[in-house]
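Peer 1: According to TrEMBL, the protein carries these features:
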- Gly15, Ser16, Gly17, Lys18, Gly19, Thr20, Arg121, Val130, Tyr131, Thr194: GTP binding site (BINDING)
- Ser36, Arg41, Leu57, Leu58, Val59, Gly84, Phe85, Pro86, Arg87, Gln91, Arg154, Arg165: AMP binding site (BINDING)
- 121-156: domain 'Adenylate kinase active site lid' (DOMAIN)
- 120-157: region 'LID' (REGION)
Amino acid sequence: MASKLLRAVVLGPPGSGKGTVCERIARSFGLQHLSSGQFLRETEAGVLAQQYLERGLLVPDHVITRVMLTELEKRREQHWLLDGFPRTLGQAKALDGICQPDLVISLNIPFETLKDRLSARWVHPASGRVYNMDFNPPHTQGVDDLTGEPLVQREDDKPEAVAARLRKYKDAAKPVIELYKSRGILYSFSGTETNKIWPYVYTLLSSRIPPILSEEEH
């Protein structure tokens with residue numbers, strides 16, 4: 001392991017493949033993948049957040065910040081990778097109070113690609129497992145592979161809600177991206193396929209921390 005701890009953030013709109021990229025980074029480089037969605041499902045404070053998500057609303061800054069900073073406090077001596085946080089400038093400034101990220105990866109995916117991906121997305125509510133009917137469908141249509149429980153399409157993944165959701169993300173993320181760009185730690189990757197973006201992400205991370213898996217083994 002490198003002697004210096006690496007703290008990284010992956011930014012990207014809904015449907016950008018952020019979770020997939022984070023999982024690959026975690027496996028290839030040994031970073032702890034800290035997903036805001038997972039903590040919102042599993043922690044006590046996250047119960048409050050679920051009430052917002054169920055109504056298709058964004059979780060308020062103070063709620064998600066409390067959840068994430070509590071988890072980060074436990075991991076002061078670990079390499080980590082943040083997924084889904086910070087989403088707003090307020091969250092980014094709160095994160096600075098604990099630790100300034102060393103590296104921020106921004107995924108830029110065309111609007112039409114995001115719209116198509118989100119509209120084809122179904123989830124298993126209890127675990128958060130995500131399926132895409134176009135390129136990652138369940139073994140049996142409409143049910144989760146592991147539990148056999150029914151999948152649902154979230155209200156905000158329905159086509160009519162997607163455009164508004166993407167605009168909302170873009171407005172909130174712009175100042176966050178500008179902040180990290182001004183610090184010289186932002187690296188943007190554009191494309192429509194995660195597999196084509198991944199080699200560039202892998203090369204970037206390899207320049208900061210020794211990989212534990214080769215690019216092909218991810």
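Placement of Cβ uses the backbone N, Cα and C atoms for every residue, glycine included.
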Peer 1: Should anything in the same chain at least six residues away from the domain 'Adenylate kinase active site lid' (121-156) have a Cβ under 8 Å from its Cβ atoms, list it; otherwise answer none.
Peer 2: 14-15, 19, 37-38, 41, 56, 162, 165
Peer 1: Given the binding-site residues Leu57, Val59, and counting only Cβ atoms in the protein chains shown, which has the most within 10 Å of its Cβ?
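Peer 2: Per the Cβ count, the most surrounded site is Val59.
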Peer 1: Give the sequence-ordered list of residues that share a chain with Gly19 (GTP binding site), lie 6 or more positions from it, and have CB atoms under 8 Å from its CB.
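Peer 2: Counting only residues 6 or more apart in sequence, the Cβ neighbours of Gly19 (GTP binding site) under 8 Å are Ser35, Asp83, Val130.
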Peer 1: What whole-number Å value do you get for the CA-CA distance of Leu57 (AMP binding site) and Arg121 (GTP binding site)?
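Peer 2: Per the Cα atoms, Leu57 (AMP binding site) and Arg121 (GTP binding site) stand 18 Å apart.
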Peer 1: Just to verify a number: CA distance, Arg87 (AMP binding site) to Gly15 (GTP binding site), in angstrom, no decimals.
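Peer 2: Gly15 (GTP binding site) has its Cα 15 Å from the Cα of Arg87 (AMP binding site).
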Peer 1: Under a criterion of Cβ-Cβ distance under 8 Å and sequence separation of at least 6, what residues of the same chain contact Phe85 (AMP binding site)?
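Peer 2: Same-chain residues close to Phe85 (AMP binding site) (Cβ under 8 Å, separated by 6 or more) are Val9, Leu34, Ser36, Ile64, Met68, Gln91, Leu95.
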Peer 1: Rounded to a whole number, how many Å is the Cα of Gly15 (GTP binding site) away from the Cα of Arg154 (AMP binding site)?
Peer 2: 13
Peer 1: Counting only residues 6+ apart in the same chain, whose Cβ is under 8 Å from the Cβ of Arg121 (GTP binding site)?
Peer 2: Gly15, Val130, Tyr131, Asn132, Met133, Gln153, Arg154, Asp157
Peer 1: Averaged over the domain 'Adenylate kinase active site lid' (121-156), what pLDDT does the prediction give?
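Peer 2: Mean model confidence (pLDDT) across the domain 'Adenylate kinase active site lid' (121-156) is 91.
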Peer 1: If you skip the near sequence neighbours and keep only those at least six away, which residues in the chain come within under 8 angstroms of Gly17 (GTP binding site), Cβ to Cβ?
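Peer 2: In sequence order, Leu107, Ile109, Thr194, Ile197 meet the Cβ cut-off.
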Peer 1: Give the maximum pairwise CA distance in Å, whole number, for the residues Gly15, Ser16, Gly17, Lys18, Gly19, Thr20, Arg121, Val130, Tyr131, Thr194 listed as binding GTP.
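Peer 2: If we measure all Cα pairs in Gly15, Ser16, Gly17, Lys18, Gly19, Thr20, Arg121, Val130, Tyr131, Thr194, the largest is 16 Å.
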Peer 1: Checking the spread of the AMP site as listed (Ser36, Arg41, Leu57, Leu58, Val59, Gly84, Phe85, Pro86, Arg87, Gln91, Arg154, Arg165): what is the longest Cα-Cα distance, in whole Å?
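Peer 2: So the maximum pairwise Cα distance among the AMP binders is 25 Å.
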